[in-house]
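Asker: For 26-300, the entry in TrEMBL reads domain 'Sugar phosphate transporter'. As annotated by TrEMBL, transmembrane segment applies to 44-64, 76-99, 136-153, 227-248, 260-277, 283-303.
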Amino acid sequence: MEAEKKSTEKSAVSDVGAWAMNVVSSVGIIMANKQLMSSSGFAFTFATTLTGFHFTVTALVGMVSNATGLSTSKHIPLWELLWFSIVANMSITGMNLSLMLNSVGFYQISKLSMIPVVCIMEWIFHNKQYSKEVKISVLVVVIGVGVCTVTDVKINAKGFICACVAVICTSLQQISIGSLQKKYSVGSFELLSKTAPIQAGSLLVLGPFVDYYLSGKLILNYKYTSGAILFILLSCSLAVFCNMSQYLCIGRFSATSFQVLGHMKTVCVLVLGWLLFDSALTIKNIMGMLVAILGMVIYSWAIELEKQANANSTVKHSLTDEEIRLLKHGVETQPGKDLEHGQLKG
């Protein structure tokens, strides 16, 4: 019992560490990219190519880790890695196109729609069932984040198609992260080190063309300054931790949990934007953030209830099987025993 308790505590600490790494690195990379890409910063408007840089650094870290024996490399079929990388790259490209073609309000709505889409996909592919409490908490989070982020909503055909592709591919990619880890018994960093080189290569080749379409500028014409290079390196360094923690969180929990609890990053970004960049923070934003946080608390509570219910069910079944075995053993070895009163019949 003592060993089991220590194991549970260690697992809880690891869970908190994974989430903390994801939130800190994600918020950090958003702040760094805002300074790097904004017109008031370094005006590096090549988002897709920058993502290629991110995966290049991540791939290099993975190669060094494998070469030094810090991590192991397990076999995953090439076609699965290629399929995953295509879906992931379509997710990145779709998100960038959606942001360009749609209003910010509709872009935020499309991001929020990933939560129900992930739930539906997990139900279809993994037959996952959700309790009433989980469904309510998801709804509360969606409403809260929607209130604090959605402003103007304008829709057009091209933007709508790009948003749909982005939502479906992002949801499918996040579900696949957990599925591949379980299917091939690989760790989060092992899987990331397998997919990162493929994504890096494809994004570095296609990224400049996508960015030219989005911004009308060529990356070859960009004039690099020491400040821009510093922030690119900072963004790439944070991306390693961001990618690693994403794979780690989805592997330890689920794509749904990653989506729901991941909106804590949205709250942090709004607060830090107000503190660091003088972004407006209205009563509507604050109320929405409070509702979103309430939804996350309810979701965490509902998931804990499900875990306890599953654990109790498992213990109950195992005890019943053990009792049956002992009863059978007792009947076979001591036929004259009164099993009801625990005494031998005289």
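Placed from the backbone N, Cα and C atoms, the Cβ positions cover glycine too.
Since the structure is predicted, the reported quantities are computational estimates derived from the model, not experimental observations.
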Asker: Averaging the per-residue pLDDT over the domain 'Sugar phosphate transporter' (26-300), what integer do you get?
Answerer: 86
Asker: Which stretch, 44-64, 136-153, 260-277, 283-303, tops the Cβ pairs under 8 Å count with the transmembrane segment (227-248)?
Answerer: 44-64
Asker: Does the chain bring the transmembrane segment (136-153) near the transmembrane segment (44-64), so that three or more CB pairs sit under 8 Å (pairs 6 or more apart in sequence)?
Answerer: no
Asker: Same-chain Cβ contacts of the transmembrane segment (76-99) under 8 Å, 6 or more residues past its ends?
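Answerer: Residues packing against the transmembrane segment (76-99) from afar: 47-48, 51, 107, 110, 159, 162-163, 165-167, 169-170, 172-173, 176, 180, 184, 186, 191, 194-195, 198-199, 202-203, 206, 210, 214.
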